[in-house]
Structures are given as C-alpha cells and as structure tokens.
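Structure, as structure tokens:
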Amino acid sequence: MVSSPPIAIVMGSQSDWPTMRFAAETLEALRLDYEARIVSAHRTPLRMVDFATTARDDGFKVIIAGAGGAAHLPGMIASMTTLPVLGVPVESKALHGQDSLLSIVQMPGGVPVGTLAIGKAGAINAALLAASILSLADEDLAERLAEWRARQTNAVAEFPKDDD
Ligand code: RP5
C-alpha cells in the first residue's frame, strides 16, 4: 500500500478552496507533502466517515479541516480519529465566519479540535502549526520552519512608505 502524505487538507465544499489554498501554499513553501480533498459533514457524510476512520492507517499524521457556516466537519472528524485535527473557520457570507468559528471552537471536553483564526490567517497558521507538530520528529523540517520565520522577519520594512 502506498502511504498517504503526512498532511490532509479537507474542506466542506469547493467554495472553501480559495481560503484553504493558503494552507496548501504554505505547506508547499515548507516543502511538505499534502493531499487536499472535499469532504462534507452534511452532503457526503459517508465519505467523511470513511476518511476519518482510515486516516491514521492511511499514513496521515495531521489533519487540517476547513468549513464554514454550521461547520461540523473538524469536530466530526476529530470524533473518529486520534490524529491532531486543526480546524479552520471559513468566512461565511451571512455571519462573516462567526458561525464557523463558534461551531468549530466549542468542542465538548474529550474531543479536541485545535481551532485557528477565521479565514486566510487561520489557513496559513494551520499549515504552520501542522509543520510545527511534524517538526518534533523531523530536524530538517524544523530548520525549514525556522528559515520560513526568518524570511518573514526579513520581509518586514522598518519604515512605512506611500503606495504611489
Ligand atoms: C459548508 O458549507 C462548507 O464548508 C462551506 O463553507 C459552506 C457553504 O458551502 P457551499 O454552499 O458554498 O457549497 O459545508
């Protein structure tokens, strides 16, 4: 059996991809393999169960799960695996992602989801946190992560300038 990449990025809908692709791009910058899939808690519940119950045996190490609105996906996946699950609340139109955030963050004690910020920042940070978790057992990745941080630091100008 071919082992899966270490990180799964799952999302409830194609409409989540413009947000979740920031997680994918961040992992690419860190030269980390991932697999991105659409898995909906509401529209494809059996696909979700199949994914979550086999994720560890498939070789995944960390799951990044993004969803919006009534965002049950990260919590439902976390209920079926003991892999770390990082939840990204996708910004919804009606409530600007407040609904997504509260749906993901308010897990009952016993079934953890590491919840990130709403939207792009959350997607980027989910990828960085996944890398940080994996770097505990991967010195080379730890160095790539430190280099990513250093590049970010070096990119911050000391003085502001006008756009024009
Ligand atoms: C959730 O419903 C998805 O995660 C998405 O954020 C939201 C809206 O989905 P679409 O109606 O755009 O497919 O399940």
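Cβ coordinates are placed from backbone N, Cα and C, and glycine is handled just like the others.
TrEMBL entries are annotated by machine, without manual review.
When TrEMBL records Ser13, Asp16 as binding substrate, the matching candidate from Arg31, Arg37, Arg43 it lists for that site is Arg43. When each of the binding-site residues Ser13, Arg43 is scored by how many other Cβ atoms sit within 10 Å of its Cβ, Arg43 comes out lowest. In the three-state DSSP scheme, Asp16 (substrate binding site) falls into the helix class. Model confidence over the domain 'PurE' (5-156) is summarised by a mean pLDDT of 98. In the three-state DSSP classification, Arg43 (substrate binding site) falls within coil.
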